[in-house]
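Asks: According to Swiss-Prot, the protein has these features:
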- 311: active site, for OMPdecase activity (ACT_SITE)
- 313: active site, for OMPdecase activity (ACT_SITE)
- 316: active site, for OMPdecase activity (ACT_SITE)
- 258, 280, 281, 282, 316, 320, 371, 430, 431, 432, 450, 451: UMP binding site (BINDING)
- 280, 313, 316, 320, 371, 430, 431, 432, 450, 451: orotidine 5'-phosphate binding site (BINDING)
- 1-210: region 'OPRTase' (REGION)
- 211-229: region 'Domain linker' (REGION)
- 230-478: region 'OMPdecase' (REGION)
C-alpha cells in the first residue's frame, strides 16, 4: 500500500472528518483525523504499523535500533502492538496515570535500564503527548532517540522534538494528505477553501508546549562554596550550625542507627561519635525506649559534638504534626536537632512545626528524593519540594535528595542516604551509591550510611573510612 492508497482508505472509513474541531493543542481546525476507527479494520491497521516501521528502520533513518516499542496512549497502542508482533520487538505500555493497586507502575512490561525505545504515535501537532510519554520512559531509565508517527500536522511538533534531541519520522504530512484528497476530487468548493486557508495560516506555526514539557533553561554553572561560607548563607540556624560543625570537625558523615535496642544504639553512638556530624535515629523502632535513653544520647552527642536527626518522616496536616512533633511519648521537638518531612500534605505542613522549631531551634529536612527502587519522589514532586524549601528557609534547613539540582540554594544542607562502598542494593529495594559518587558526581553535602557501618565488626574503624572518603572527596572540589 502506498501513501495515496492509504489516505483514500482512511477517507473511505471516515477517519478524515471535515467541520470544526478543537485539537488538544487548542487550535480550531476545519479538518480532523480520527485514527481510532482503524482498530475496526485489522488489515488496514497492520498496513499502517508496517508502513510506520519501514519509515524508520528499513530506510535506514533510525539513530539506533530499538529494544522496545511504546505507543502513546491511547490511539497509538494498537499500532504499536501491531508493529511489535509483526517485527518481533518487545513492547512496553505507558499508563496515563499510575495504578493505585497491583504493581502501581506507570510503565508496564519487561525492560532494563538503558534500553532504547521507539515511541509510536498516530499523529502530532505540538508534540506534547509524545514528550509526556518520553518523560515517563526516561523516569524509569529508558532511552528514546526516535519517534514515528503516521501524520505530521506540520504545526511545530518536529521542531519541538528535535530541539530536545528526538528525531521525528512521519509517513506523510498534512499537506500531502490534503493534496491527495484534492487530486482524488474528495476535497472541493468551500470546504477546500477553508482547509487551504487553515493550512496557509498554520503551516509550521509552533504551538507552545505546556511549561512542564518545554525545554529546560540551561542549568546555571554550579560554583561550589565551602561549608564555612554556606553557614553564612543559611537562613535556618540549625543548617548554619551543621555547616559550621562539619567545617570545624572535618566530617560530612551521618550514620543511620537503625537499631531496636537502646543500649546497642548508645554503644554505637559512643563508638562512632568522634567520626560523625549527625546520628540518625528511628526512635519508634526502639523496643525498650524510655526518657533516660534520650538523656544519655544527648550527653554522648554533646561529648562528641554531633547532631541528632530523628527520621520521623512527618506527613500529616499541620495541626496533627504539631502534636506529633511536640507531644506524645517521644516529645521529639525537645531533643531532635532535625526531623524529616514529606510534602504530600502541601506547604501548610510547615506551619505545624513553627512553634516547636522556634522554641528549640531545630530544623526540617524535606524529602525531595529517596534511594529506594520505584520511589514516587521524582519529577514534579521533587520540584515542588525544592520550591517548598526555598519558600520556607527559616524552618527548612535542607533536603534529603540523591543529587544537587540547580534550584537547590547554597543555604540548604543536602543529605543523601543509600551510601555504601559496595554500590549494589538489597532484597527490599534499597539502592546504594559510593561516597565518592554522591559527593563529587551528584554534588551533595552529607552521606548517610547505615548497615555498612553498624552491621560491621568494627563500626568505629569502618566509620572512619567512610568519613575519610567523603571528606577528601568534598575537599577535592575546591
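A Cβ is built for glycine as well, from the same backbone N, Cα and C atoms used for every other residue.
Mind running through what each feature is packed against?
Replies: Every protein chain considered, the tally of other Cβ atoms within 10 Å of the Cβ of residue 311 (active site, for OMPdecase activity) stands at 21.
When secondary structure is read from DSSP and collapsed to three states, residue 313 (active site, for OMPdecase activity) falls in the strand class.
Same-chain residues at least 6 positions away in sequence with a Cβ under 8 Å from that of residue 316 (active site, for OMPdecase activity) are, in sequence order, 324, 345, 349, 352.
Residue 258 (UMP binding site) falls within neither a helix nor a strand when secondary structure is assigned with DSSP, and so counts as coil.
Residue 450 (UMP binding site) falls outside any helix or strand according to DSSP and counts as coil.
Confidence for the region 'Domain linker' (211-229), expressed as mean pLDDT, is 66.
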Asks: Near residue 450 (UMP binding site) in space, meaning Cα within 10 angstroms, which of the recorded positions do we find among 280, 311, 313?
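Replies: Correct set: 280.
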Asks: Fewest other Cβ atoms within 10 Å: which of the binding-site residues 281, 371 wins that one? Let me know.
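Replies: Among the binding-site residues 281, 371, the lowest count of other Cβ atoms within 10 Å belongs to 371.
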Asks: Starting from each candidate's C-beta and looking 10 angstroms out, tell me which of the binding-site residues 258, 280, 450 has the most other C-beta atoms.
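Replies: Within the set of binding-site residues, the most crowded position is 280.
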Asks: Have a look around residue 313 (active site, for OMPdecase activity) and count the other CB atoms within 10 A of its CB, chains all included.
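Replies: A 10 Å sphere around the Cβ of residue 313 (active site, for OMPdecase activity) contains 14 other Cβ atoms.
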Asks: Checking the contact step here: among the binding-site residues 280, 281, 371, which have a Cα within 10 Å of the Cα of residue 311 (active site, for OMPdecase activity)?
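Replies: Those near residue 311 (active site, for OMPdecase activity) - Cα within 10 Å - are 280, 281, in sequence order.
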Asks: Spatially speaking, which of the recorded positions 258, 313, 371 is closest to residue 280 (orotidine 5'-phosphate binding site)? Use C-alpha to C-alpha, please.
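Replies: Out of the listed candidates, the nearest Cα belongs to 258.
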Asks: Expressed to the nearest Å, what is the distance separating residue 281 (UMP binding site) and residue 313 (active site, for OMPdecase activity) at their Cα atoms?
Replies: 11
